[in-house]
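**Student:** If you scroll down you'll find the structure; I have some questions about it.
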Amino acid sequence: MSIEQLKDQIPDFAKDVRLNLSSMASDETLSPQAKYGLFVACAIATRNPMVMAAFEAVAAAQLSATALAAAKSAAAIMAMNNVYYRFVHLASNKEYATMPARLRMNVIANPGVDKADFELWSLAVSAINGCGTCIDAHEKVLQEAAVPAASIQTAVRFAAIIQSVAVAIEAAGVTVALAAE
């Protein structure tokens, strides 16, 4: 499935989402690896099979096998870290913040691709998953790596668009299912 075919699945009530998807696809703010890896990581974070399939198909033609695997790794490791660190942050009992996480996360130190790209993907997935602690940590690493604020903002904007595509498609499916009853 292509992005154009995915766009065709977005219902009219989400016209803005469709337009944002078109704009995102043609945006050249990020390098190709950063952009297409971000597409994959964020699509996985939506948990929508149609969105995942479309973005992986588009990205596979643009990314090396190593970069594609790293983007998937970013989504997987953030799925774990975002839950854990969001809990630590939100729990009233601050003792948890002093305890070792005891979670393996070696891929963050050695992602197999440019570290800034991996951090950008991790930040975007953390935005989708709503982990403020992870957002702050990844944004700090990106600032230290001299990644421009415009690139960071673009990554989060893309995450928001990809998430909205998944929600619009799911909402359309519910509408169709209810109409059939």
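Glycine is no exception: its Cβ is also placed from the backbone N, Cα and C atoms.
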**Student:** Going by the disulfide annotation in Swiss-Prot, which one of CYS42, CYS131 is bonded to CYS134?
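**Tutor:** So the cysteine that Swiss-Prot bonds to CYS134 would be CYS131.
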**Student:** Check each residue in the chain of CYS131 (active site, proton donor) that is at least six apart in sequence and keep those whose C-beta is under 8 Å from its C-beta; list them in sequence order.
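**Tutor:** The list for CYS131 (active site, proton donor) reads MET78, ASN81, ASN82, VAL83, TYR85, ARG86, HIS89, given in order along the sequence.
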